[in-house]
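Some notes on the structure that comes next.
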Amino acid sequence: MANPDLVSSTDTILTVDHLTMRFGGLIAINDLSFKARRGEITALIGPNGAGKTTVFNCITGFYKPTEGMITLTHTDGSHYLLERLPGHSVSWKAKVARTFQNIRLFSGMTILENLLVAQHNRLMIASGFTIGGLIGLPNFRRAEGEAVDKAKYWLEKVGLTDRADDPAGDLPYGAQRRLEIARAMCTGPVLLCLDEPAAGLNPRESLELNELLLSIREIDKTSLLLIEHDMSVVMQISDHVVVLDYGTKIADGLPEAVRNDPKVIAAYLGVEDDDVEKIEAQVGL
Amino acid sequence: MNAPSAAPTTGSPPHAATRPGQGGSEFLPAVKNAALAALVMLGLSIPIIAFRTENSMANELILLPRWRVVAVLCLIVFAVRLLLNLGGIHIARRRSAKRREILVTRVEAPTTLGQRIFFYAAPVLLGVAIGYPLITTLVNGGLSESRYWIDLGILVLTYVMLGWGLNIVVGLAGLLDLGYVAFYAVGAYSYALLAITFGLSFWICLPVAGILAALWGIMLGFPVLRLRGDYLAIVTLAFGEIIRLVLINWVDLTNGGAGIASIPRVSFFGIPFTADEDGFAATFGLEFSTMHRIVFLYYLILVLALVTNIVTMRLRRLPVGRAWEALREDEIACRSLGINTTSTKLTAFAIGAMFGGFAGAFFAVRQGFISPESFNFLESAIILSIVVLGGMGSQMGVAIAATAMVAGPEMLRNLGFLSAVFGDGFDPNEYRLLLFGAAMVAMMVWRPRGLVSHRDPSIVLGERKAISGALVKEGHG
């Protein structure tokens, strides 16, 4: 599967090749291929049950795909075959971070602790795999100071500095969403995968989220891949949209082009009952 | 949120105003209810308490009626129920008012008086623990007279140490371990066998016992990595039983159910506690007393327990400790953050087991005799209930719970005066399991998250605030 085209294109960060995922007889993803470019926000959209979250779980190592290849390319040209890495290495080695559709924070730990847990591997090495930290080597203290500084930077960025010592479970919903993004960013990813980051947010929070995501792309130089239902988010901030329906890609392109694609309108944005046959005839279904 | 919760608060004064008027009408139903409770108690007592089976002179089974005990118990139930009925109304009202206040001022709730007490309790309790042999000597008027009390102190501290060791696995990492006593057994047998077979001293065997127990912890950890909750509990329970059965049946190595006797005693860093020329007493110019060894054992277990505590407290502030707690909160999120959940769980099992092994080696050196019967499931259950009653993850709570659970039943021996109430032949000691059960029920009603339910953050930027137990998860296994 050595694809010369794939190796030469340094601006591609994630390549999904012929990805298929079957659960028994159910085909959740059927031969899906798409690319996400570095420094862009790629949106993965589709109706409920289209297989978006399954794609995410394959990319982030929670599922092992039945077939296909998922390649992540770093700026230094190194490749990681995500479907072959063990679950925790996807974040640590390949630098892919993710958030969850139903927020998964460590609710009984403080916000600062949440952000430090995200920097676990680096701190673990600095603490000499616990032994150095146990006897109090200065090396670990310095590393922990740096980790706290990084956490402070992200607290500032998501506007939670004054709540750093409160338990994460006490935060309002919108703040929990932002904290989950900050926590994922604390792992120092090159690709951030967001599973419905705007779900349950009010219009104002949704706008703030857009700004945060754009700033992550611009300032922190991290590429984003997001699943989203909120069209205002998708259309405003994404550079590239991939549309899934029943596990198959039905459109792939710029937001404008996708928005006007009759196939997408038929499958996802919904049409009047009377128009279904007309549009289906038009798109050849 | 403020407006709706304020409304009931302002609505309550008229209620309060009408209460004195209702007072008289509340008394009769309260008495009726209490009488009903006493009646239920009577019904329950007839099959359980009212008769006692005895062997007569002719070796026949006879029934001894114990109506006096039944009557006293029914009276107690009546009185307690009546008090609860009369006082309980006020308590319930006060509590609902308090709850409303908490809703409104929830952010300030964490810094309570209770916590401040706990802040000072640690140094005070430590001081008591260090001065305990001196205190008992002064109270009992002599070192030899206070042997019972120092032995009790040793027993309590052993359980404190075991509780702290298990707290790493259950309280921090959230992995329910019902077979912790297996590691205690591994530690005890490691010391006994190494000391008898190779003649190694306690101070060499102690770390070896810890390491062997840790290895067994990893061995248990591997198969249970994928299990959660009930399934994990069952496998760990089985592991505890397997170790015990192996100890019983591998007669060549362990001498089976007969146990291992005459295990070498502890020495003062090489100086034996004997009456000889080179013994401890002679070396330090003291008059020989067997109590020297007991007091030394007391301080030995105190140091071991404190080491367990200090290491645990430090680990909590290290990445591995935070990863344990994160694992307890959400394992999937841990994986997404690049934490190797396998090695994190295994370290929790290994370190928890290691302290169990230390405690086991201590147990062997103190008893001088071990047998598989010392390591049955009841021990695991007691250690686990110490952790649960103390509040999972709380070092202070575990220490208090261990003291209450181990020393409490011992105190029943000293309640002989109760036979004046219940009649001759009443032995409070027979009721320890009943009282234990009642205490458990009471705890689950009033403090379901244990004595100390709040969690202390491992690192803070500004002000240290305790985290309410309601937010902290127990782990899924």
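Placed from the backbone N, Cα and C atoms, the Cβ positions cover glycine too.
If you check TrEMBL, you get these features:
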COMPBIAS  B:1-18  compositional bias 'Low complexity'
REGION    B:1-23  region 'Disordered'
TRANSMEM  B:34-51  transmembrane segment
TRANSMEM  B:63-84  transmembrane segment
TRANSMEM  B:117-140  transmembrane segment
TRANSMEM  B:152-176  transmembrane segment
TRANSMEM  B:188-219  transmembrane segment
TRANSMEM  B:231-251  transmembrane segment
TRANSMEM  B:296-315  transmembrane segment
TRANSMEM  B:346-365  transmembrane segment
TRANSMEM  B:377-409  transmembrane segment
(Q) Does the transmembrane segment (B:63-84) come close to the transmembrane segment (B:346-365), meaning at least 3 CB pairs under 8 Å for residues 6 or more apart? (A) no
Outside the transmembrane segment (B:117-140), at least 6 residues beyond either end, the same-chain residues with a Cβ under 8 Å of its Cβ set are 146, 149-150, 153, 157, 295, 298-299, 302, 306, 396, 399, 452
Stretch winning on C-beta pairs under 8 A with the transmembrane segment (B:152-176) (pool: B:34-51, B:63-84, B:188-219, B:231-251) is B:231-251
